[in-house]
């Protein structure tokens with residue numbers, strides 16, 4: 001099925017952001033694990049898998065619309081050098097993705113591509129949940145202090 005070029009462009013823009021966040025979350029997961037924060041690292045690793053599945057969904061949709069998934073135009077990774085920076089970098093990237101998702105949803109709606117819109121809406125919902133989680137981590141650090149936060153992050157079940 002031949003898709004609308006504007007929708008395909010927006011899908012590719014969101015795909016590029018997902019490809020960046022896959023790598024960013026994966027690296028942050030390994031950094032945190034290396035620092036001894038197993039549980040926190042595991043959360044970021046699982047998030048990289050969520051991002052990978054979302055990217056796969058976009059690739060399938062772009063191909064269905066007879067477009068070409070653009071895997072070459074990757075943005076810049078934001079890599080933190082402390083736990084606070086990691087959370088801040090990931091929040092920045094998630095907020096960037098949120099803006100791109102809103103724009104893509106509006107384009108899909110305007111072009112009457114309701115299947116793409118629904119796919120993007122689902123990804124937006126997941127994105128908002130992760131933004132909330134990251135903001136909660138920042139609030140926890142602010143309320144209990146970084147040393148206490150890191151102590152809880154280092155504890156194993």
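Yeah, the Cβs are placed from backbone N, Cα and C, and that goes for glycine too.
What Swiss-Prot says about this one:
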BINDING   51, 94, 130  Fe cation binding site
BINDING   52  heme b binding site
DOMAIN    1-145  domain 'Ferritin-like diiron'
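On the 0 to 100 pLDDT scale, the model's mean across the domain 'Ferritin-like diiron' (1-145) is 96.
Taking the mean position of the Cβ atoms of 51, 94, 130 as the Fe cation site, the remaining same-chain residues with a Cβ inside 8 Å of that point are 21, 25, 47, 50, 90, 93, 97, 126, 127, 131.
Taking only the Cα positions, the spacing between residue 52 (heme b binding site) and residue 94 (Fe cation binding site) is 14 angstrom.
Fewest Cβ neighbours within 10 Å among the binding-site residues 51, 94: that distinction goes to 94. The least crowded of the binding-site residues 52, 130, judged by other CB atoms within 10 A of its own CB, is 52. DSSP assignment over the domain 'Ferritin-like diiron' (1-145) gives 116 helix, 0 strand, 29 coil.
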